[in-house]
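As structure tokens, the structure follows; a few thoughts come after it.
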Amino acid sequence: MPGKFQTGLRVLATCLFALLVLGGILVAYVTGYQFIHTDRHHLSFGLYGAILGLHLLSQSLFAFLEHRKMRGGGRCPSGKSTVVLCIAAYQEDPEYLRKCLRSVRRLSYPHLRVIMVVDGNTEEDRYMMDIFREVMGSEGTCCYIWDKNYHESEEGGQEGERGVQEMVKNFQYVCIMQKWGGKREVTYTAFRALGDSVAYVQVCDSDTVLDPACTAEMLRILEEDPEVGGVGGDVQILNKYESWISFLSSFRYWMAFNVERACQSYFGCVQCISGPLGMYRNSLLQYFLEDWYHQTFLGQKCSFGDDRHLTNRVLSMGFRTKYTARSRCLTETPTRYLRWLNQQTRWSKSYFREWLYNALWFHKHHLWMTYESVVTGFFPFFLVATVVQLFYRGRVWNILLFLLTVQLVGILKATYACILRGNAEMIFMSLYSLLYMTSLLPAKIFAVITIKKSGWGTSGRRKLVVNFMGMVPVSVWFCILLGGLVYTAYCQSHDPFTETELLFLLTGAILYGCYWVALLSLYLALIARRCGKRQELYNLALEEVSEPEPAAKAIKP
């Protein structure tokens, strides 16, 4: 009874805290209270801006403190714990898959077992199994073609299940091709086949290049603290210079992991252990495996957001989740705008869906988890309201001031990233703010509206499928902004600029123009010439493994 009473108090206190945070932001936004301002409010600094500034400052500070703890290192893992690496593969680009498997062969952890499950068992998918046999060699390797999967086995189909489990138990390297079912299905197969035969499970995508020490670094954190249930590593971009969209995405990735997740890790509440590089206690996975697989939302089975829901399941049990920049990998990101937009929409859907689930467990973790979830969850809606309000006030200066503010915040964050990373190239991160405002922001709102729609979201990399649905919210957003510009032009034509306003406009326009001229000139001079080529300009060594041994034989039931 005392335990239930304490839990009830924590739930009540957490709910009140969340309402206090949201209410405070809402009051600051609605009242528009300003600390300082010019005579005609051309420039001002208010309570709402102070709250957002304090949030960014706090987040950066805690991220810095967590990085300082990471640099301290710790004891090396014993090497006695059993670890299995599970790779999910779906229509993968052969070049990326080879790089992934070669990096797996270079992992420094002894006796690491590997399971790759291919989502598809047709002849078109066979090349992935062939690459697995080619790279992994024949010693301790077995491949299996399954006509079904765990959830489509008919009566008497236990033979296929037993075959999978026997191979996983007896071979070090296993590749399974199974009937198509989505990423969650192939991940389930790997986890289910393992059972309780291992202590830790590492996850990886088939487009990921792993650093040799990544397994040992994540395992070290799990062995040091029994209260940590999962840990993620630093995921950066493999094809950074392949296009402008992948180049800008590389900065977003760095900020997401080395600032946002590092800050969450300081409080032990990382809210998403990314699929390309993560590790979990297998005992936890086996405990909630069925609930994770059968997850539903508004009566529909969930088919995306697997990684975030895995993390949420760990958090729901009261275990902490951590991030370490000492464990690194490189992964592919979309190089085309439409594919990137669809990916971001899918991720946004899973974010908002999992936000609701995550809220059930706020009371089990540090208050920072509650605070950050409220701020980041509601921020896009406040931002949309701000943009619409400024574009429809009928003054050109309001629009220009908003654009200047967006870029100023971007420059400040980019400067911090330059200092923290020690790389001047991070200054280009400020360009991402425009991509966020024009594309990612409407995609987030669209994700909320269409949150029940499911699917892979992003096509396989071998055969790219163009999906124009992502352009719908962007087109609507541009129409809204265009309407604001037309309305502003109409209002200003009937209300000429004052001398002071004209001075502000000219100064602001010159500053904004100089910013873009400087950044675009640097981009064209230093970066553009490198884009469009698959250059191996990686931070991680990619030595070739030794010549593969004769291929292992594939088994078909």
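A Cβ is built for glycine as well, from the same backbone N, Cα and C atoms used for every other residue.
These numbers come from a predicted model, not from an experiment.
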Topological domain name match (Swiss-Prot): Q34 vs N398, membrane: yes
Recorded stretch, among 45-65, 399-419, 431-451, 464-484, 502-522, maximising Cβ pairs under 8 Å relative to the transmembrane segment (11-31): 45-65
Per-state residue totals over the topological domain 'Cytoplasmic' (1-10) - DSSP helix, strand, coil: 9 helix, 0 strand, 1 coil
Overall pLDDT of the topological domain 'Extracellular' (32-44), taken as the mean: 79
Stretch among 45-65, 368-388, 502-522 sharing the most Cβ pairs under 8 Å with the transmembrane segment (431-451): 368-388
Number of helical, extended and coil residues in the topological domain 'Cytoplasmic' (420-430), per DSSP: 9 helix, 0 strand, 2 coil
Among the ranges 368-388, 399-419, 464-484, the one whose Cβ pairs under 8 Å to the transmembrane segment (502-522) are most numerous: 399-419
